[in-house]
Amino acid sequence: MAVSRMAGLRVSALVAGAGLLLSACGGAKVGETTDAQASGGGQSGCGTFNLAVNPWVGYEANAAVIAHVAEKELGCKVVKKDLKEEVAWQGFGTGEVDAIVENWGHEDLKKKYIEEQKVAVELGETGNKGVIGWFVPPWMAEKYPDITDWKNLNKYADLFKTSESGGKGQLLDGDPSFVTNDEALVKNLKLDFKVVYAGSEAALITAFRQAEKQKTPLIGYFYDPQWFMSEVKLVKVNLPEWTEGCDADAAKVNCDYPVYDLDKIASKKFADSGSPAYELVKNFTWTNDDQNTVSKYISEDKMTAEQAAEKWVNDNPDKVKAWLPAAAG
Amino acid sequence: MTAVPTTPATATAGAAAPGSAGGRRRLRGRYLAVLILAAWVLLSVVLKGRDTLALGGAELTPLHTRLNEGMDAIDAGRNSNPLFLYFINYIRLFLDESVTFVQALISQPSFGRPVPVVGWLGVTGVATAVALLYGNRKVAALTAAGFAAFGLLGLWEESMDTLALTLTAVVLSLAVGIPLGIWAGLSDRVNRVVTPVLDVMQTMPTFVYLAPLTLFFLIGPASATVATMVYATPPVIRITAHGIREIPVNTLEASTSLGSTPAQALRKVRLPLAKRTIIVGANQTIMAALSMATIAALIDAPGLGKTVLKALQTLDVGTAFNAGLAIVIMAIVLDRVTSAAGRRVEAERRAGRARGPRARRIEVGLVLAAAAVLVYLSHVYVWAAKFPGEARLGSYVKQGAGAASEWVQDTLVTYTDALKNLVTYGLLNPFQSLLAGSPWWLVALVVVALALLLAGRRAAIIAGVSLVLLVLLGLWHDSMVTLATTLVATLIVMVLGVVAGVWMGRSGRVDQVLRPVLDAGQTMPAFVYLVPILGLFGATRFTAIIAAVAFAAPVSIKLVAEAVRGVSPTAVEAATAGGSSTWQLISKVQLPMARAGITLAASQGLIYVLSMVVIGGLVGAGALGYDVVAGFSQYPLRGKGLAAGLAIVVLGIMLDRIMRAAAQRAAARPASQ
């Protein structure tokens, strides 16, 4: 007992001594090396900009580029908040979120927060077109060329049977965040399929990746723009064409999904604040190719969102200039 | 999550009773049970598909709509209900400030400095000093190595954010939980009221209350802290109450007869004697709080959880594993230090005062001085403030884990697919069609009859009420699908638990090798290994089962090992001397005598499997898990998500009560003969 106590004391003394010795050697001191430009490169008057970041890479690309420009050009303090859509919309009401910069539809949320509570406003399209639909891996489209027409799906239903689909063909659905009419579609188009819920985007992407690699049959719900499309170019199955109003009654839908014009939403408070960041978000618009480029930097080249945004902004100064508020540009 | 009985009552429930055949009554009960099951199978074939109460993915019942409206009403009333608002607002402010303060100290640039107040060297020094002063030198070394690893993995700041949030939540949980636990330990009535509340807190999936929480506490540290506390407070309450209760009656009588008041008895007798148990409770609370790191990141909680979730978006298994590894290291360090502290408290109590107060004072002084020097250095010098080096280790870990995951998915998929099909077609599908494919009233009748037969009248009543609740919640069919998956997973957990547990219980060396693996299985966030197991087994119910088993089996294995080790050595020696073979020794002596522990392992395994239902929903299990996830993601489905959460709670409470009563009965019966 006594011995170990002595040893303990000795160790402590040693550590303390070593520490003192090191402090004598010194080194750079905190505060000496702080870079001057960190304290503000642009104009003041922007203040804090609370930007919601929804959990998919395409959104992150939008958010990263906007945040980069807001910080470097407008001198804003950007606070990114990682949130699911539903929680992000709630943030308009509580004043915790200023803007959402890639919104897929969400008519129900628009009704609640824009029309009823009047805490949010629409800020126009991002320029990205969102395509939702049923997709098959490329090897299948090659081997069974007529599979891309929905009328032939029943012919191939047997291929898609799995342990989960109860003897029918399996139609794999993904993240519950996305709007899906698939159960109604299967019923109304009289398809011999069963919707199986993968439950997350990760599950859906992994399933498609394995299906292409292992050449196993798979048909599922997917969407574009999506970073995975640049790794495996999934092929869309054509459902009966979308026409105005064909999806008005959720139970009777028998047509493809419409093309979504992805848009931006801001809180009412932010819109009235006169912040230059608001002008930036309002002016922001780019193409699917632009977004896919930044998404690729993040997902395949493993850059951080900040690095990816910086690279794209440096490569596209003209596009960025067009977004800046008149006063700053 | 919790590694020790969250329901300590079970431990006392079945005092091992190997007894010779429990008599005719028991045999008759068995025949009857088999008869009921046979009748069920027959009838289910005849009545297949009738009254299954299936509900489509987007379909709602009036109850779900009403729940949705109720939540809307709360949302709308938020700004007009001043009392409610002020009260909640002050709590929110307090929580936000607490977390931000700890972050300013150790993780975030603060007070106009580019770095936190205390840098890596200071934090490591203080943590090591604490481990040395309250634990021993071994755990102090482990602590220093663990904190260094955070830096080497390239995750110092993220780790400190997680630590800041976890510590704040833990301190507050203990501040609330220990007094409540003492109260519940002293008063039977309080205990009766508190227990079901704790059951709900522990089995209600976090996803259900995560989004509503942000309405009250806003997005940020406060909501994350509350979500963590809801899950982390129950263990310390339960275990503290248990510790206060189990103090020997004669010790208390002695103190009463010496004239001490109840207050004195509490302070002088109960609390000192229960101190070690309370530390075990604190340990469990810490583990539970840490297990919330990833889920809390869904509402913008800072730290390692964010890294994991971000990596999952691009299926970057390497980066997710790297961050998961940091969480595992943090869990192991905190676990070992608190366990060592608990043992030390016990040892010092037994030995009276182990060391002279003067020597202790010098030791404390020196250690604190050393830590203070390190803190000062890390406050002033850059090399001690920001972790130096390139975080090479982190990039190796990332590459290694990424490559391993890819290799496994590419090469093993044919075998794993076959295994999945075997279990699904052979076991899961038939079982599910029995539960979810028969009319609801038939299933309800069978379950109540079996509960009555095996667990007694009280359990049968609870089962009946629970089943009716499931019907009322509008989620009968989904509940039965989830129940089938849960029971199959629990079965696998128990097979693993008994096999590995006996192996571990019989050999110290196996224990040493397996234990860290089990710790990792328990604390590694499921989000880290979802991608590889999805690659191997597809988006299926079987994948959900694998995830549940990975999480639940470690607990069961540890509990079985503990029970086997607890079998009295004399019984083992006697059997060995009597010429028993190893197999006979295990099957005739060790397993029967460890029966109470094995029952506990089964009930804990089940609870753990149930707590993975929502994760299962993310990988293709559908049913209740998916309903909860969908409710979290889609505004019109919020009400249904809440109902699904309640259904999971109901399932959990029903199964727990039946199992406990059955175990109690099995233990009590030979004695009553």
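Heads up, the Cβ atoms here are built off N, Cα and C, so glycines get one too.
For B:1-19, the entry in TrEMBL reads compositional bias 'Low complexity'. Look at TrEMBL and you will find B:159-338, B:479-659 tagged as domain 'ABC transmembrane type-1'. What TrEMBL lists as region 'Disordered' is B:1-23. As annotated by TrEMBL, transmembrane segment applies to B:31-47, B:140-156, B:163-186, B:206-232, B:277-299, B:319-341, B:362-384, B:434-454, B:459-477, B:483-505, B:606-629, B:641-659 (among others).
Sequence-distant contacts of the transmembrane segment (B:319-341) (same chain, at least 6 residues past either end, Cβ-Cβ under 8 Å): 3, 127, 130-131, 134-136, 138-139, 142-143, 146-147, 149-150, 153-155, 158-159, 162-163, 166, 279, 282-283, 286-287, 290, 293-294, 304-305, 307-308, 310-312, 394, 397-398, 401-402, 405, 516, 519-520, 522-525, 527-528, 531. Cβ atoms under 8 Å from those of the transmembrane segment (B:163-186) belong to residues 95, 98-99, 102-103, 105-107, 194, 221, 224-225, 228-229, 232-234, 236-245, 266, 270-271, 274, 278, 281-282, 285-286, 289-290, 292-293, 296, 301-303, 330 of the same chain, restricted to positions at least 6 beyond its ends. Three or more CB pairs closer than 8 A are found between the transmembrane segment (B:434-454) and the transmembrane segment (B:31-47), so contact between the two stretches is assigned (pairs 6 or more residues apart). Counting only same-chain residues 6+ beyond the ends of the transmembrane segment (B:483-505), those with a CB under 8 A from a CB of the stretch are 423, 427-428, 431-432, 434-436, 511, 514-515, 541, 544-545, 548-549, 552-553, 556-565, 586, 590-591, 594, 598, 601-602, 605-606, 608-610, 612-613, 616, 621, 623, 651, 655.
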